[in-house]
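Single-structure report; data block below.
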Number of protein chains: 2
Amino acid sequence: MTNPDSAGSDADASTPTAYDDLLERYRRATYLSDANGVLSWDQEVMMPEGGTPARSKQRGAVSAVAHDVLVDEETADALDALDGVDLTDDEAAVVREIRREHERKARVPTELVEEISTATSEAHPVWNEAKAADDFDAFAPTLAELLDLKRRYAEHIDPDADPYATLFAEYEPYLDLSTAERVLEELRDGLVPLIDAIGASDTELYALEGTFPEDDQFAVTEAALETLGYDFEHGRLDTAPHPFSTGTQFDARVTTRFDESEPLDSLASTIHEFGHATYTLGLPRDAYGSPLGEHRGLSVHESQSRLFENHVGRSKPFWELFVDRFNDHHDTELTPQQAYEAANRVYDDNLIRVEADELTYHLHIVLRFEIERELLAGDLDVEEVPAAWNDRMESYLGVRPETDAEGCLQDIHWSHGSFGYFPTYSLGSVLAAQLYAAADEAIDGLESQIAAGEFDALHEWLTENIHQHGRRYTTGDVIERATGEPLTADYFLEYAEAKFGELYDL
Amino acid sequence: MTNPDSAGSDADASTPTAYDDLLERYRRATYLSDANGVLSWDQEVMMPEGGTPARSKQRGAVSAVAHDVLVDEETADALDALDGVDLTDDEAAVVREIRREHERKARVPTELVEEISTATSEAHPVWNEAKAADDFDAFAPTLAELLDLKRRYAEHIDPDADPYATLFAEYEPYLDLSTAERVLEELRDGLVPLIDAIGASDTELYALEGTFPEDDQFAVTEAALETLGYDFEHGRLDTAPHPFSTGTQFDARVTTRFDESEPLDSLASTIHEFGHATYTLGLPRDAYGSPLGEHRGLSVHESQSRLFENHVGRSKPFWELFVDRFNDHHDTELTPQQAYEAANRVYDDNLIRVEADELTYHLHIVLRFEIERELLAGDLDVEEVPAAWNDRMESYLGVRPETDAEGCLQDIHWSHGSFGYFPTYSLGSVLAAQLYAAADEAIDGLESQIAAGEFDALHEWLTENIHQHGRRYTTGDVIERATGEPLTADYFLEYAEAKFGELYDL
């Protein structure tokens, strides 16, 4: 199909074919992975419970063939043929991304991949029961085994690197672990005194009380998606046990869940997932299947969700815009200021990460990051985790969990073997603040636009600076191109101090 | 994993490994195909319209890898290694089924498969527009191309066979075309005079009139599924543009659709799909992925749907049981007899297959079967199809379509290249009557059980005689084992004459 004569003068005659072959194989792997995304969405949202055994087999088979396509010899040959060859910038970015994925996957023996897959499947119920019984000892041997497996996994990928850095790069390929470390330290050092000051403040923010039926909450979340400009021709909203977003630039879906006493939680988490879906829908459609049509990594993804959740959905202008719709559905009579306060209350005695407010959240992350690093480095034994956890909770937040169920057993991530994932949550928040500041600089009257329900300029700015590039640039380059500087916690801390300083009269 | 020393004395030492390898490969192909079934269900039922381009790619990729696993060299090698080797009956059945699929797929060049795939994708909108414009000429070249492609396809599989027989065997692997021909002739010869007699009868059956809101119809179809014993832990009911059932023995789903003036149609088609789902759910769970865990072919599948649709759902005892629930939801006051009559009206002036009653339906099939055979054999030119269609409609049903949209353009099947599919609908009905007669013989007071809402004995009989065997036996063997004789239209014709003779006072 490609005429060799049309290749550029610097390029080997075989280049176009090797490039086309490589991209075609990668596309197949992407389509297969996205097929698995649909199977997974269905499992969470639609599948009757009895379907589990068959679904596990189906997902396993699709994963296996997607993996095979990426690691097999033909992919390796195409990559070899492209080594050192002159390519356009976009082609070079495509090859860089595929090469990275191929190498990381090809270096890990299939047996180890399978061993990890089996171990994590078995770990999930063990963790679940240990948490229910508040019995860390029951989970400890499993956690030790998963740490060992993931350490071996990381060593296969890069025997010379810090295993934690290798695992972190699974989720955030192009930010150094040292950057993550610096940003998390800045966050910790800035947030601990701010949260202390809030705890010491006499100001009480407005609190929402009452019972808010699920149907009304569903209507409110749907209204919020409409208000923000969610494209229901390319997505849908459903309920699921955990809020998530999944899909492609053609079909990016959102789920939510409800607690009848916390209508602001479902709203915030739906807006969060909307941010993820908006990124996905902003990826270029004509690059579907190629790295240029895929998201840049979890930190950038999380920045899009946090930007909408916090900088839009928890802002004063948003509540000026939205409070009437909220009141209509819930039959409340909130003022914009009351809603704004209720959406921004800081709970410094909360033990649970997923229930944390915008500020204390990051100390939950810092704690996990520090413990994970020490575990992987061998500086902390599994048996010491509960004490290390509780001590840090006391030091950062001034509360000490009375049970491990409310402490180190609360999150599902470790039972998945997902070590190195947590930091991307905070990096995403920090980046959200940095991007929002840049957008605010670039867009005339952004806050008035939000209050007027005009989101086009914001969507356009995000699409132009982030979404449309897919994986064209590395994470650091994306950030610098969009904001003019490297990732920094400064904007988040400035934003937090201004917003909560005003709210709590500090 | 298999110890060669434990192999039977007649078996080559390599047999267990070859058998295990083969089965493992087949399982992977099955899991992938079933994954595609989920993608397809989602597309029909849940997917936002904008998702189509990505979904096509995902389905194409999953199909391609499923196809590759079945035709590749390792599968061929495992089959070769098992050639002539002593196996248990079940193992032999598994190998027979996999060999058949492998050979049929391996014989057709990939290019032709792709050409057919492209041609049918392109044919669908052409057919759709031709039908909307009532312009057969616009579809004729496409139809000619598809016939040519499928003729070539059949010739690759078996150059010596009647191409129509080869295509028919795609859907119904183990019934001779001559059996299909005989049964359809028996049907035609028996039904034409019966339908004439009904047309000449003065008896008017009770007709349902009014508007029946979709929500109420949904509640009625749900109630029918509960009444019949549908397992909602392993299935679900949704609405879709076309009623269908899909899934596995762990998760077999049903869809329905509504016409506000025809509440008995949605009910009948939901019960029809329930029959399909019940077969699927009755396949052995421990054989999931193997041919022993798969359905026996479209005729047997259709027999299960028709048995429940017609012999249960359109029976007097069913309406004695169900009329109250129907009346409750629709606020009607039907007697069981009125409902029974309304569900069994014969419309001898109906032109549309999918709207046909239990009797005239088969003449629609006979007509298509005859035309398809002549087209494939080259005895009928594409241009002659409209006239041939209309002449036969007049001869079999006494009505002549005034447009091709209501005539030879009405069905989607040919635009899919599905020649040879239609007969399985009638073969399924005929088999349903034969099976129901055998079940009635075996189960004490089956009709009273139905009237009392007791379906366990019927489900058990069907599971024991049909479902649990998967593809263990060929279609003919399944029928003979379950009913003691080969497939025959006698039971259907006896049933039809008795039922409609009484209804229409013949």
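Each residue, glycine too, has its Cβ placed from N, Cα and C.
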### Message
According to TrEMBL, B:His272, B:His276 bind Zn(2+); which one of B:Glu226, B:Glu233, B:Glu302, B:Glu320 is annotated to that same site?
### Response
B:Glu302
### Message
To see if you understand the setup: which same-chain residues, six or more apart in sequence, place their Cβ under 8 Å from that of B:His276 (Zn(2+) binding site)?
### Response
B:Ser245, B:Ala252, B:Val254, B:His301, B:Gln304, B:Ser305
### Query
Rounded to the nearest angstrom, how far is the Cα of B:Glu273 (active site, proton donor/acceptor) from the Cα of B:Glu302 (Zn(2+) binding site)?
9
### Message
Among all protein chains shown, how many Cβ atoms are found within 10 Å of the Cβ of B:His272 (Zn(2+) binding site), not counting that one?
### Response
24
### Task
Inside 10 Å of the Cβ of B:Glu302 (Zn(2+) binding site), count up the other Cβ atoms and send me the figure.
26
### Task
Within 10 Å of the Cβ of B:Glu273 (active site, proton donor/acceptor), how many other Cβ atoms can you find? Include all protein chains, please.
26
### Query
For B:His276 (Zn(2+) binding site), what is the secondary structure by DSSP, using just helix, strand and coil?
helix
